[in-house]
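Here's what Swiss-Prot has on this protein:
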REGION    1-33  region 'Disordered'
SITE      ARG102  site 'Transition state stabilizer'
ACT_SITE  HIS106  active site, proton acceptor
BINDING   HIS267  heme b binding site
Amino acid sequence: MSTTDDTHNTLSTGKCPFHQGGHDRSAGAGTASRDWWPNQLRVDLLNQHSNRSNPLGEDFDYRKEFSKLDYSALKGDLKALLTDSQPWWPADWGSYVGLFIRMAWHGAGTYRSIDGRGGAGRGQQRFAPLNSWPDNVSLDKARRLLWPIKQKYGQKISWADLFILAGNVALENSGFRTFGFGAGREDVWEPDLDVNWGDEKAWLTHRHPEALAKAPLGATEMGLIYVNPEGPDHSGEPLSAAAAIRATFGNMGMNDEETVALIAGGHTLGKTHGAAAASHVGADPEAAPIEAQGLGWASSYGSGVGADAITSGLEVVWTQTPTQWSNYFFENLFKYEWVQTRSPAGAIQFEAVDAPDIIPDPFDPSKKRKPTMLVTDLTLRFDPEFEKISRRFLNDPQAFNEAFARAWFKLTHRDMGPKARYIGPEVPKEDLIWQDPLPQPLYQPTQEDIINLKAAIAASGLSISEMVSVAWASASTFRGGDKRGGANGARLALAPQRDWEVNAVAARVLPVLEALQKTTNKASLADIIVLAGVVGIEQAAAAAGVSISVPFAPGRVDARQDQTDIEMFSLLEPIADGFRNYRARLDVSTTESLLIDKAQQLTLTAPEMTVLVGGMRVLGTNFDGSQNGVFTDRPGVLSTDFFANLLDMRYEWKPTDESNELFEGRDRLTGEVKYTATRADLVFGSNSVLRALAEVYACSDAHEKFVKDFVAAWVKVMNLDRFDLL
């Protein structure tokens with residue numbers, strides 16, 4: 001019978017057709033827009049982590065709550081937990097030391113220096129996909145073990161901080177002296193949607209190490225934190241893994257010494273678990289049934305826990321004292337001959353064939369086994385450069401301890417940004433170059449000083465476009481992921497930023513502002529750069545008939561060149577900045593997607609992005625001085641002309657060539673070219689969400705609102721890195 005017949009039959013019997021069948025009628029079910037249009041612009045990325053998802057409310061102050069924490073008592077509770085073995089997940093050798101170190105490592109290890117995303121800073125290991133990654137098997141148990149402590153201390157300690165602190169306490173409990181701990185990681189309440197984990201659709205899909213340099217990916221296989229411990233694509237070859245190891249650790253900003261220290265230090269304690277084949281392992285937490293209550297990977301092998309546990313499928317114990325810190329990793333690495341073998345689960349690993357049975361069994365004191373290692377552990381012996389470092393650590397355990405302490409601190413704090421964000425009693429005093437250190441303030445400009453400086457800037461001969469452009473160039477390097485970049489430090493005046501193509505305006509404007517700073521000696525160059533933007537915007541608003549005072553918070557400082565890691569700051573150079581109509585490469589995504597990416601890094605909402613682009617276009621802030629997107633006959637006036645003319649049906653847009661990157665807007669009647677535009681301009685008329693926002697500012701009653709909204713969004717960007725104001 002046809003569908004029509006079925007419907008007719010239902011109606012004729014008086015039954016409601018909408019109450020029949022098993023279709024999912026819940027909210028959000030059914031075919032979504034992205035199913036129809038998979039290339040749909042991800043404007044939604046700008047609306048994540050809003051107050052609507054935060055149960056703590058807008059007034060919650062984590063730094064204030066943390067100050068109430070009994071930090072010593074918390075660490076005491078964590079220490080006690082380490083040896084409080086639970087029957088539902090028994091501790092190896094009666095200690096959770098290795099488990100908690102792995103939890104902290106895998107939380108922090110998703111960080112990628114290329115785009116600043118990932119890392120432990122927001123407690124993302126609680127959410128998909130990380131909570132169910134193949135490399136994170138059994139870390140659901142670690143987080144569940146921590147729950148009674150989190151429940152006890154409540155909002156005085158975030159999950160994000162607790163994960164890392166638990167790893168630190170585990171190291172300390174093993175007899176290791178850590179470098180310190182900085183709290184300040186604030187939880188979010190939903191998964192990060194902006195992190196690009198890769199295009200692969202299957203877990204453990206292999207990537208060539210060279211590809212990692214071209215994309216913001218942290219691992220050589222989908223679903224891993226770093227590299228495949230069995231070698232690239234399960235090759236079992238230690239030497240071939242060297243390139244993959246360097247690529248992944250290098251993407252976190254680690255050099256060879258830090259890489260060796262982290263691998264060896266992380267594998268000095270604990271074990272891997274591979275009691276039987278992976279076919280015994282059930283669904284991950286996201287796919288597990290509701291009664292599992294967020295736990296996954298239930299095993300049908302034996303008891304499923306303890307000696308029967310299956311995690312990675314590898315069954316490796318590296319050292320003779322797996323719950324106490326030692327130098328046995330390097331001693332065993334070089335002392336014995338290693339033969340490739342397989343774990344009970346069938347995974348490739350190595351065994352010390354000429355070693356006695358010196359490794360204690362985790363659950364039976366009467367049993368011992370030979371030392372075992374991962375394929376990638378042996379890379380530290382057989383790669384020539386790694387081998388040199390490893391032998392030095394073998395012969396100088398104190399050098400190894402110092403290197404691991406510093407590398408572990410860097411690993412677990414790399415995405416926290418400047419040290420001004422750190423809180424707690426164990427923050428190290430030493431400034432580290434990867435923290436982008438800043439000097440102490442030299443100036444405290446008064447309100448009178450600021451008024452005089454603004455007058456001097458206004459009289460300097462700089463145009464509105466130049467003043468606004470230089471301020472944006474200074475502040476817009478900020479990345480919300482790892483809190484790097486921004487205007488504080490005036491690193492626009494230093495290498496490498498001063499020489500970036502996108503910052504061409506700096507060559508013209510900075511000499512003027514630097515001379516003014518030296519002459520007045522009342523404020524830092526960083527403050528004067530931002531103040532120039534204030535002057536430019538106030539002039540542009542006044543020209544539009546709106547009198548407005550742009551808020552300005554002095555107190556920025558000027559970094560020195562020796563406080564600036566040129567290689568690491570080079571990663572902040574944009575491949576595109578749609579706010580300035582800049583694009584360096586055409587082989588990476590679309591121009592409009594890169595605009596969204598930039599706005600998301602700047603923590604902007606969709607309305608904030610919209611108003612900033614519209615305002616900057618009419619102020620003529622394109623990086624190269626082009627007229628693309630400058631839809632106005634009165635540049636330098638903070639008007640709504642960009643929106644009004646973009647949405648004006650008098651103009652018809654067509655690409656100028658096959659690249660579809662540059663467009664001409666012609667008068668439909670005369671055929672005359674009126675405007676030119678890029679994709680970063682036209683997207684505000686083509687994308688339905690952005691067009692809806694553009695229409696707000698194109699209305700006749702929107703002018704004053706536009707100016708106020710522009711100023712608010714502008715000030716937000718200028719202050720993104722003002723952690724000294726927290």
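Each Cβ is built from the backbone N, Cα and C atoms, and glycine gets one as well.
Features as recorded by Swiss-Prot, highlighted on the structure.
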| residue | record | Cβ neighbours (10 Å) |
| --- | --- | --- |
| ARG102 | site 'Transition state stabilizer' | 25 |
| HIS106 | active site, proton acceptor | 22 |
| HIS267 | heme b binding site | 25 |
Could you tell me the C-alpha distance between ARG102 (site 'Transition state stabilizer') and HIS267 (heme b binding site) in angstrom, no decimals?
9
To the nearest whole angstrom, what is the C-alpha distance linking the residue listed as 'heme b binding site' and HIS106 (active site, proton acceptor)?
13
For the residue listed as 'heme b binding site', the three-state class that DSSP assigns:
coil
